[in-house]
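Here it is: the structure, laid out below.
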Amino acid sequence: MSGGSSCSQTPSRAIPATRRVVLGDGVQLPPGDYSTTPGGTLFSTTPGGTRIIYDRKFLMECRNSPVTKTPPRDLPTIPGVTSPSSDEPPMEASQSHLRNSPEDKRAGGEESQFEMDI
């Protein structure tokens, strides 16, 4: 059995230099998924431990990109979440809410979970 092992080498590349970004006090920071260094650099960490370092100019360009203003395809319609909610609730929902008051439930034989005699 001749098991010739073929080993291929990948070309080496230089590690990209990190740039520090100083954020002004008036700039809102991104969500809590990101971390900052004392110098103001934004970074996140992948589950494998790789650090992804973001530069402020790139983030600001992404923020104003037309892609960020375009919703994803096949997004379900969820009022108030993926589409604006209507100003007035439907009449049936508001009337059913009034009919299902706590007093009606107790009268129907359903008691509260915690009952206490003082």
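A Cβ is built for glycine as well, from the same backbone N, Cα and C atoms used for every other residue.
On a predicted model such as this, the values are computed, not experimentally measured, just so you know.
Swiss-Prot lists these features:
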type: COMPBIAS; residues: 1-12; note: compositional bias 'Polar residues'
type: COMPBIAS; residues: 34-48; note: compositional bias 'Polar residues'
type: COMPBIAS; residues: 100-109; note: compositional bias 'Basic and acidic residues'
type: CROSSLNK; residues: Lys57; note: ubiquitin cross-link
type: MOD_RES; residues: Thr37; note: phosphothreonine
type: MOD_RES; residues: Ser44; note: phosphoserine
type: MOD_RES; residues: Thr46; note: phosphothreonine
type: MOD_RES; residues: Thr50; note: phosphothreonine
type: MOD_RES; residues: Tyr54; note: phosphotyrosine
type: MOD_RES; residues: Ser65; note: phosphoserine
type: MOD_RES; residues: Thr70; note: phosphothreonine
type: MOD_RES; residues: Thr77; note: phosphothreonine
type: MOD_RES; residues: Ser83; note: phosphoserine
type: MOD_RES; residues: Ser96; note: phosphoserine
type: MOD_RES; residues: Ser101; note: phosphoserine
type: MOD_RES; residues: Ser112; note: phosphoserine
type: REGION; residues: 1-20; note: region 'Disordered'
type: REGION; residues: 25-48; note: region 'Disordered'
type: REGION; residues: 64-118; note: region 'Disordered'
type: MOTIF; residues: 54-60; note: motif 'YXXXXLphi motif'
type: MOTIF; residues: 114-118; note: motif 'TOS motif'
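Each of the listed features needs to be described in terms of its position in the shown structure.
Ser44 (phosphoserine) is surrounded by 13 other CB atoms, counting those within 10 A of its CB over all protein chains shown.
Taken residue by residue with DSSP, Thr46 (phosphothreonine) is part of neither helix nor strand, so it is coil. Cβ contacts within 10 Å of Thr46 (phosphothreonine), excluding its own Cβ and spanning all protein chains shown: 8.
Note on Thr50 (phosphothreonine): other Cβ atoms within 10 Å of its Cβ, all shown chains, come to 8.
The number of other CB atoms found within 10 A of the CB of Ser65 (phosphoserine), across every protein chain shown, is 10.
Cβ-based neighbour count (10 Å, all protein chains) for Thr70 (phosphothreonine) stands at 8. In the three-state DSSP assignment, the secondary structure recorded for Thr70 (phosphothreonine) is coil.
Thr77 (phosphothreonine) counts 7 other C-beta atoms within 10 Å of its own C-beta, drawing on all protein chains shown.
Sequence-distant contacts of Ser83 (phosphoserine), defined as residues of its own chain at least six apart whose C-beta falls under 8 angstroms from its C-beta, comprise Thr77.
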Would you mind checking how many other C-beta atoms are within 10 angstroms of the C-beta on Lys57 (ubiquitin cross-link)?
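If we count other Cβ atoms within 10 Å of Lys57 (ubiquitin cross-link), we arrive at 10.
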State the mean pLDDT for the motif 'TOS motif' (114-118).
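PLDDT averaged over the stretch: 65.
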Tally the residues of the motif 'YXXXXLphi motif' (54-60) by DSSP class, grouping H, G and I as helix, E and B as strand, and everything else as coil.
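Secondary-structure composition of the motif 'YXXXXLphi motif' (54-60): 5 helix, 1 strand, 1 coil.
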Given Thr46 (phosphothreonine) and Lys57 (ubiquitin cross-link), what distance in Å do their CA atoms have, once rounded to a whole number?
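Checking the Cα atoms of Thr46 (phosphothreonine) and Lys57 (ubiquitin cross-link) gives a distance of 22 Å.
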